[in-house]
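K.L.:
Sequence annotations record features per position, and here TrEMBL assigns transmembrane segment to 12-29, 64-91, 112-132, 152-172, 231-251. Summarising the annotation, TrEMBL assigns domain 'Fatty acid hydroxylase' to 161-283.
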Amino acid sequence: TEHWTDSLRRAAFVIGSSLVAFVAARNTVTDLAQRFWGASGDFWQSTFDTAYSFFGGTDASASLWGSIVITMTVYWSFNLLLILLDTFNWPEFLMRYKVQPDKNAPVDRRQLAKAIALVLFNQTVVGIPFSLLAYQAFRLRGGVFHGELPTLQWVILEIGVCVLAEEVFFYYSHRLLHHPSIYKHIHKIHHEWTAPIGIISLYAHPIEHVLSNLLPPCVGPLIMGSHLGTVWVWFCLALISTSIAHCGYHFPLLPSPEAHDFHHLKFVNNFGVLGVLDSLHGTDRLFRASKAYQRHFLLLSLVPVRELHPDDEKAGDKRRQAEAAK
């Protein structure tokens, strides 16, 4: 019962806070577009229609090239900033937020180049054929590729379903990849990085890329028969989420990467995305007993979590007493 209650509470918090952030971001973009760029109240519909036409004006071309270009643009734009930080350790004040401060500071450039090459291979050589198959699956399911966008309320519901579906399919596919007879041949590549950086979210054996990176995010939209616009939004959110989970930094106001960073460090805990199934199956016990678990929260201040919960508790107590005395 305790595991169920904890899991449901965790799922409700993660999904709820994510959807609140999504709505806030959407409304902010809409307001800025209308206020500064003179966009009409139909900003999102006109934006989607423009993108649909730009990527060929047909369901097949928009689904294939739109999905590839949009997701790659979001992924590399977000990770370019992290690559610059990992390579040059600048701006220096951000280095205070590293989860494992003694690792990848700076990152080995040969390892980085190897990671970039495999990620690009997965996104193109593996990703394009997969997108063609995904288009056929969505078409057979009755997915909507053009026309009127769904209401915001429906999009929120669909994204909630997508988050839960990804948790289930990623957890079990990921745990399968850790089976000894499979791990050494496939998943070991991803775990070459015991201190992950953002781009290695897609640094994986091509079989793993299909099984754990591409299939789980597709399950929710297939279940719901989603509109292509919703699919694009969900895929971008999923890419940003996994990049944050692997980034190696616990930044203020961003979701905590502590759980998945701990997975890369120890291998045997935290197989899921939300932590719901880890809680139910007890595959987070080592993590819960660790210092990383104390740091696993949304940071709402500029003080790094390693200073709030230092390895040396006595040093932390002295720091907190000094702050209280100010």
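Here the Cβ of each residue, glycine as well, is placed from N, Cα and C on the backbone.
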K.L.:
Using Cβ atoms only, state whether the transmembrane segment (231-251) and the transmembrane segment (112-132) have three or more pairs under 8 Å that are 6 or more apart in sequence.
P.N.:
no
K.L.:
Using a Cβ cut-off under 8 Å, which residues of the same chain at least 6 positions beyond either end of the transmembrane segment (112-132) come close to it?
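P.N.:
Same-chain contacts beyond the ends: 63-64, 67-68, 72, 75, 83, 86-87, 189, 193, 197, 199-200, 202-204, 206, 209-210, 213-214.
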K.L.:
Looking only at the domain 'Fatty acid hydroxylase' (161-283), what are its DSSP counts of helix, strand and coil residues?
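P.N.:
Per DSSP, the residues of the domain 'Fatty acid hydroxylase' (161-283) fall into 82 helix, 2 strand, 39 coil.
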